[in-house]
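Below you'll find the structure, written out as structure tokens, and then a few comments.
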Ligand SMILES: NC(=O)C1=CN([C@@H]2O[C@H](COP(=O)(O)OP(=O)(O)OC[C@H]3O[C@@H](n4cnc5c(N)ncnc54)[C@H](OP(=O)(O)O)[C@@H]3O)[C@@H](O)[C@H]2O)C=CC1
Ligand SMILES: CC(C)(CO)C(=O)C(=O)O
């Protein structure tokens, strides 16, 4: 398959590196240092206690590249639109666009570039981190959950599954992919965003009664929205799951916490902001989520 991955950070490199074993893969990133390092030294991924080197083609822009079968978006979501607009020439009539970015509602931006029949949305349970330029750690490995907004008449999801599974992924195809997306969203819109605002590690959430109260209030509002959207959401179970994340990974740092700590912009608009937009559509009040969106943006703008 001819695949372009936009964003050669932690996740783009993990998917791009592995997929390059059996596919024609182009890794696209605006960071010239990353691209020249991958082209000169290969893409180095620490995984399973080993250091493996992959050799995808790496470019700073898509000029001169052919139309792709699949374009996977792995930039932080605040750059999605600009990244797709800058690489429009990769997208032809038959090109599918896929996002596994955290948060929800990404289909709105993908829909500006292809029709609903060519949009694949989902989540990944894999995770990773950038260790250096062109040097990535593949952390936990889990399922890659994918689905479409409409019937998959062309059977493309099965092709994606075959292509990805033989390169070291574990793809699951879902009829109700929004359910999977919201299952993951509950943690990010509660625990993750509170760790960001407080600038604390994941363990603090359960060990501090006030942080835990805020987290539960955010879960409660998000569950009300999910119910109105017709999704399943068992508040007690979700609260227990989030509690377990805090207890089992006390030293973990969420990406929203890391972004704010490093003075970077965050993905809050497609995380908490997506709950606010969904709430407005279904007529539920979510004042706590509105508050945290403003709080995170206010923190992004603080002078360093
Ligand atoms: N990391 C993880 O464990 C997980 C992340 N995700 C999701 O995956 C997505 C990517 O995350 P992650 O890999 O951590 O992010 P990274 O910041 O590591 O990687 C993103 C890369 O995209 C580059 N980039 C920014 N703008 C453009 C552009 N216009 N064109 C091309 N490249 C661009 C960035 O360059 P620069 O740094 O110079 O801006 C960076 O190299 C996010 O939506 C995240 O929520 C999902 C599950 C787990
Ligand atoms: C909660 C966590 C750490 C789970 O991987 C996450 O997705 C994040 O906020 O970065």
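The backbone N, Cα and C atoms fix where each Cβ goes, and this holds for glycine too.
Here's what TrEMBL has on this protein:
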{"type": "DOMAIN", "residues": "3-149", "note": "domain 'Ketopantoate reductase N-terminal'"}
{"type": "DOMAIN", "residues": "176-300", "note": "domain 'Ketopantoate reductase C-terminal'"}
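Per-class residue totals from DSSP over the domain 'Ketopantoate reductase N-terminal' (3-149), listed helix then strand then coil: 39 helix, 50 strand, 58 coil. Each residue of the domain 'Ketopantoate reductase C-terminal' (176-300) gets a DSSP state, and the totals for helix, strand and coil are 96 helix, 0 strand, 29 coil.
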